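A.B. asks: One structure coming up, written as structure tokens, with questions to follow.
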Amino acid sequence: MKTVVFAYHDMGCLGIEALLAAGYEISAIFTHTDNPGEKAFYGSVARLAAERGIPVYAPDDVNHPLWVERIAQLSPDVIFSFYYRHLICDEILQLAPAGAFNLHGSLLPKYRGRAPLNWVLVNGETETGVTLHRMVKRADAGAIVAQLRIAIAPDDIAITLHHKLCHAARQLLEQTLPAIKHGNILEIAQRENEATCFGRRTPDDSFLEWHKPASVLHNMVRAVADPWPGAFSYVGNQKFTVWSSRVHPHASKAQPGSVISVAPLLIACGDGALEIVTGQAGDGITMQGSQLAQTLGLVQGSRLNSQPACTARRRTRVLILGVNGFIGNHLTERLLREDHYEVYGLDIGSDAISRFLNHPHFHFVEGDISIHSEWIEYHVKKCDVVLPLVAIATPIEYTRNPLRVFELDFEENLRIIRYCVKYRKRIIFPSTSEVYGMCSDKYFDEDHSNLIVGPVNKPRWIYSVSKQLLDRVIWAYGEKEGLQFTLFRPFNWMGPRLDNLNAARIGSSRAITQLILNLVEGSPIKLIDGGKQKRCFTDIRDGIEALYRIIENAGNRCDGEIINIGNPENEASIEELGEMLLASFEKHPLRHHFPPFAGFRVVESSSYYGKGYQDVEHRKPSIRNAHRCLDWEPKIDMQETIDETLDFFLRTVDLTDKPS
């Protein structure tokens with residue numbers, strides 16, 4: 001049976017050996033070049049392939065059409081992936097008649113994604129395992145073919161658990177590969193409601209936060225012990241690494257991070273105490289805890305800290321253009337909740353941000369981005385992160401004022417993008433789910449879905465193509481000029497302060513605000529073309545949390561990424577949205593102040609939006625990039641969002657002239 005293999009690390013080597021032992025013919029192996037910044041304690045797939053006389057390749061992008069064509073020419077019967085670090089495109093997966101299979105180091109559906117070995121230790125799990133599953137477009141989501149459980153011992157660290165996983169993988173492949181070869185396998189679909197997903201870890205994720213319980217910190221030490229980079233802390237500005245530790249149920253009133261004793265080296269934690277058994281000062285040698293204390297100059301009562309003492313860092317300056325808008329004002333609230341951000345904002349109004357105007361770390365100027373170009377350029381230069389949130393994003397305006405949409409959404413934003421290139425500033429740019437247009441994929445994927453729009457004589461697409469072209473310009477600046485960027489694509493975010501009822505009165509608002517206005521005024525709810533179009537509605541709090549994590553950019557994981565931010569579980573048609581909103585309205589304590597419900601009315605899109613309008617039937621995001629880059633998933637149910645949005649708007653209505 002001919003196979004093409006994608007492999008890396010020890011698991012890649014043992015997977016190749018297992019295939020050869022089972023009688024598979026390996027036509028080619030795809031692997032990675034080693035990262036010089038990574039400690040290579042594992043076997044070399046490239047060396048093994050060379051020794052076995054198998055062609056081996058390490059392309060930067062195996063999903064490039066040229067490589068897809070070359071793999072197709074190999075005519076594989078089956079494809080295997082053993083710890084290959086990149087997603088393999090569906091075009092490649094479909095080349096093998098018997099399918100494609102991946103070896104994953106966890107008990108799927110738990111711990112999908114990156115670094116499951118480390119994450120199970122960080123989280124204090126007592127069991128993990130290996131899973132062989134069928135590969136599909138979504139990472140680690142295909143049906144399970146075989147699974148083997150292993151116990152995690154209390155004294156296991158990353159390397160001992162790695163060896164256990166390798167041993168289990170050999171057993172699993174030895175048992176399963178012959179069955180795949182003969183087409184005799186039983187597949188079990190994964191339970192999506194049990195799935196968890198984790199992103200990759202970086203050394204910066206491993207600093208010891210002493211306010212946490214000692215057991216949590218001990219698990220961190222276990223998870224990143226040598227040959228991983230280790231857990232670390234600081235004494236003043238001196239960094240040191242903890243290689244091994246023990247938990248002590250020490251009852252102490254000492255502040256977390258305080259040295260309780262130096263022999264043994266015992267540190268107070270949020271709960272209990274952590275003994276540092278072995279460690280290393282700076283780039284020195286490994287030594288036992290009491291010697292480390294002496295080297296670092298520690299005495300009883302000394303304080304450790306998670307960051308260098310001199311880096312009580314300057315607040316990150318964030319420039320938000322369009323700060324009074326729906327996303328801008330909620331994001332401002334989230335940033336000011338922390339103590340390390342300074343927010344600079346510009347907008348043509350301030351009603352939504354009035355609650356921040358006296359905040360010492362919020363600086364607002366009322367103005368228009370098309371007029372205040374000098375102010376904007378100065379503040380792009382001054383700030384660290386730029387979010388240009390100004391745009392016309394209401395569908396009726398696409399057909400009513402297409403040129404104004406282009407001028408504001410494209411031309412003005414292009415100028416800001418070029419300022420970011422000029423001053424080498426990080427830009428977080430709001431793309432849109434609209435760029436996917438009439439894409440027919442079940443899930444809209446940032447990296448693989450086609451962006452499909454209608455003909456030129458349908459001006460409703462001017463917003464979509466303006467945003468798409470800016471996405472491409474930003475991407476090109478990233479590739480050619482080193483622009484640090486992240487593109488995020490909101491999928492139907494909803495919540496309080498989404499537009500306002502006055503905007504809805506002139507038709508210039510999003511769907512839920514328009515529907516609320518209909519209920520408030522006792523006018524029929526208009527269902528455009530029957531309201532069967534489906535969307536995935538996302539609570540503003542979920543969306544803002546994802547956007548906040550993009551700004552935080554832990555480990556620079558968001559650089560150069562496109563990230564959908566949406567809730568694929570909250571899918572509903574516009575008609576269903578209207579029905580849910582109506583039910584919430586009828587139960588609201590202020591209901592008696594408003595006129596009777598006037599019913600639903602079906603209208604044609606051309607009569608509502610104008611003749612240049614086209615709609616799309618569905619728009620569901622893949623959120624695998626959000627899982628991978630942000631460790632994020634949406635949590636808030638659509639009904640809760642509807643209830644809170646409705647309540648907010650009803651309480652803004654002047655009830656003095658309403659019936660009681």
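Heads up, the Cβ atoms here are built off N, Cα and C, so glycines get one too.
Pasting the feature list from Swiss-Prot:
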ACT_SITE  Glu434  active site, proton acceptor
BINDING   His86, Leu87, Ile88, Arg114, Val136, Lys137, Arg138, Ala139, Asp140  (6R)-10-formyltetrahydrofolate binding site
BINDING   Asp347, Asp368, Ile369  NAD(+) binding site
BINDING   Ala393, Tyr398, 432-433, Arg460, Asn492, 526-535, Tyr613  UDP-alpha-D-glucuronate binding site
REGION    1-304  region 'Formyltransferase ArnAFT'
REGION    314-660  region 'Dehydrogenase ArnADH'
SITE      Asn102  site 'Transition state stabilizer'
A.B. asks: Can you give me the same-chain residues 6 or more apart in sequence from Ile369 (NAD(+) binding site) with a CB-CB distance under 8 Å?
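C.D. replies: Counting only residues 6 or more apart in sequence, the Cβ neighbours of Ile369 (NAD(+) binding site) under 8 Å are Leu321, Gly322, Leu346, Ile376, Pro388, Val390, Leu408, Glu412, Ile416.
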A.B. asks: I'd like to know the mean pLDDT over the region 'Formyltransferase ArnAFT' (1-304).
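C.D. replies: Mean pLDDT for the region 'Formyltransferase ArnAFT' (1-304): 94.
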A.B. asks: What three-state secondary structure does DSSP assign to Lys526 (UDP-alpha-D-glucuronate binding site)?
C.D. replies: strand
A.B. asks: For Val136 ((6R)-10-formyltetrahydrofolate binding site), which residues of its chain lie six or more apart in sequence with Cβ-Cβ distance below 8 Å?
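C.D. replies: When sequence neighbours closer than 6 are ignored, Val136 ((6R)-10-formyltetrahydrofolate binding site) has Leu93, Gly142 within Cβ distance under 8 Å.
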A.B. asks: By CA distance, which of the recorded positions (His86, Ile88, Arg138, Glu434) lies nearest to Arg535 (UDP-alpha-D-glucuronate binding site)?
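C.D. replies: Spatially nearest to Arg535 (UDP-alpha-D-glucuronate binding site) by Cα position is Glu434.
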A.B. asks: From the Cα of Lys526 (UDP-alpha-D-glucuronate binding site) across to the Cα of Arg138 ((6R)-10-formyltetrahydrofolate binding site), what is the distance in angstrom?
C.D. replies: 37
A.B. asks: Among the binding-site residues His86, Arg138, Lys526, Lys532, Arg535, point out the residue whose Cβ has the most other Cβ atoms within 10 Å, with all shown protein chains included in the count.
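C.D. replies: By the 10 Å Cβ neighbour count, Arg535 comes out on top.
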A.B. asks: Any idea what DSSP makes of Arg535 (UDP-alpha-D-glucuronate binding site), helix, strand or coil?
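C.D. replies: In the DSSP reduction, Arg535 (UDP-alpha-D-glucuronate binding site) maps to strand.
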A.B. asks: Which one is it, among the binding-site residues His86, Ile88, Ser433, Lys526, Asp529, that lies nearest to Asp347 (NAD(+) binding site) by Cα separation?
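C.D. replies: Among His86, Ile88, Ser433, Lys526, Asp529, Ser433.
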A.B. asks: Widest Cα span across the (6R)-10-formyltetrahydrofolate binders His86, Leu87, Ile88, Arg114, Val136, Lys137, Arg138, Ala139, Asp140, in Å?
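C.D. replies: Maximum Cα-Cα distance: 17 Å.
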A.B. asks: Where Asn102 (site 'Transition state stabilizer') and Asp140 ((6R)-10-formyltetrahydrofolate binding site) are concerned, what is their Cα separation in Å, rounded?
C.D. replies: 8
A.B. asks: Calculate the distance in Å between the alpha carbons (Cα) of Asp368 (NAD(+) binding site) and Ala393 (UDP-alpha-D-glucuronate binding site), and round it to a whole number.
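C.D. replies: Here the two Cα atoms are 17 Å apart.
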